[in-house]
Amino acid sequence: MGENNYAKELDVAVRVVHMACSLCQRVQEGLVSSTSNDHVKSKDDDSLVTVADWSVQATVSLMLSASFSNQKVSIVAEEDVQTLSNSDSVGLLTAVVNTVNECLAEAPKYGLQSPKEALGTSQILEAISRCNSTGGRNGRHWVLDPVDGTLGFVRGDQYAVALALIEEGKVVIGVLGCPNYPRKKEWLNHHQSYQSMPKMSDTSDTWEKGCVLYAQRGSGEAWMQPLIHGNKKHTWSNSAQRVQVSAIDDPALATFCEPVEKANTNHSFTAGVAHSMGLNKQPLRVHSMVKYAAIARGDAEIFMKFAQSGYKEKIWDHAAGVIIVEEAGGVVTDAGGHPLDFSRGLYLEGLDRGIVACSGTTLHEKLIGAVYASWESSNL
C-alpha cells in the first residue's frame, strides 16, 4: 500500500476536524457562559452537546461529500437524525442550522471551500441522515464520533472529535481533535476544574491548549498540530510536530489512564491489575478518546478499559485513537492480546474482555499477564 495512497483523504480529514473543533469550542463557550440560559440543564445540557454533535456530523458529512464528490462517501456515525426531526426539536434544529452555516462560512480559513450560499434545514438534515453506513469489511467507510465524551464536553473538561477511514476492514487513517488538551499533562485529570485553569491570552504560545493528532497506517509516524485560534492565518505545512510514545517501560514509573465514569469501566478490577503489575501512580481519569491522545503524545503509558459484560464497544469510540497510538509506536489490543477487529460492522465483535493500550511491548506483556492473574482471582 503506497505511502501516499491516502494523502488527500488525510489532508481533508485533518482540516475538517480542525473546523469541527472550532465549532465545538464555540458551542462550549456558549454552554459555559450561559449556564443560566433557558435551554441548558445538567446532562440535559444535553441540548447544547446535542447541537454540537449534530452540527459536527452535518459539517463533516457535507465537507467529505464536497471533497470526494466523485465517489459515494460512506459514513458511519453515532448520531441518528430521528430525534432531530421531531417537532419538539425545532429550537435545537434552528441552532444546528445556524451553527453549521457559521462553521461552513469559515471553511476557506481551513483551506476548504464554503458552499455558495447558506444551507437550509432540509439540506442539513439530509447531510446528517446520510451518515447511515454500517461499515464492514468491504469498501471504504469514514467513521465519525462527532463529540466523544459528552460529560467532559458539558463540564468544560476533556472531549474529542474523532474521524477515521476504514478500507477493506482496516483503519487506514485516523484524526483526533482534542480541543481542551492541556498544556501541562497534570491538568488532564478530570478533577481539575477547567474553569479554574489559567485562561489563554491571544499573545501566548499557540501550543497552550488543544491539538489535532493524526496518522496514516504504515507510515510509522503520528503528528500533532496546535488548534487554530482566532483569525490567525494558519500555515499548515510548518505547524505539525511529530509525536511518539513514552520510552518508560518500568511499571513503577508508568502513568495509567482510564475512563472517569464507573459505568464505563470496572475501576476495582483495573485497580487490581495495576497493583498486580506494580503500577504505583494514581490512575489518571480522563473523559473520552483523549486517553489515546495521552498515550500517543507520551503523557501516559497505559490505558485500560473493562466495560460491564454485555456492553459492546463501538468502532467510532476507538478507530482514530488506535491507529494514532500504533503509528506513534504503541500497542493496542484486547485483554487477550489480540488486535481489535474493525471489519465487523458497528461494533468491535469478538473482543476478549476489555481494551488495553500501552506505550510499548514490555509494558503490554506485563499488563496482559497482570490481567490474566487478576482475572483468575476475581470473578468479573
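Cβ atoms here come from the backbone N, Cα and C positions, even for glycine.
TrEMBL entries are annotated by machine, without manual review.
Keep in mind the model is a prediction, meaning the values are calculated, not measured.
The Mg(2+) binding site annotation in TrEMBL covers GLU78, ASP145, ASP148, ASP317.
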Those binding-site residues listed as GLU78, ASP145, ASP148, ASP317, and which of them has the most Cβ atoms within 10 Å of its own Cβ:
ASP145
Using the CB centroid of GLU78, ASP145, ASP148, ASP317 as the Mg(2+) site centre, which other residues of the same chain sit with their CB within 8 A?
LEU144, PRO146, VAL147, ALA160, ALA162, MET289, LYS314, TRP316
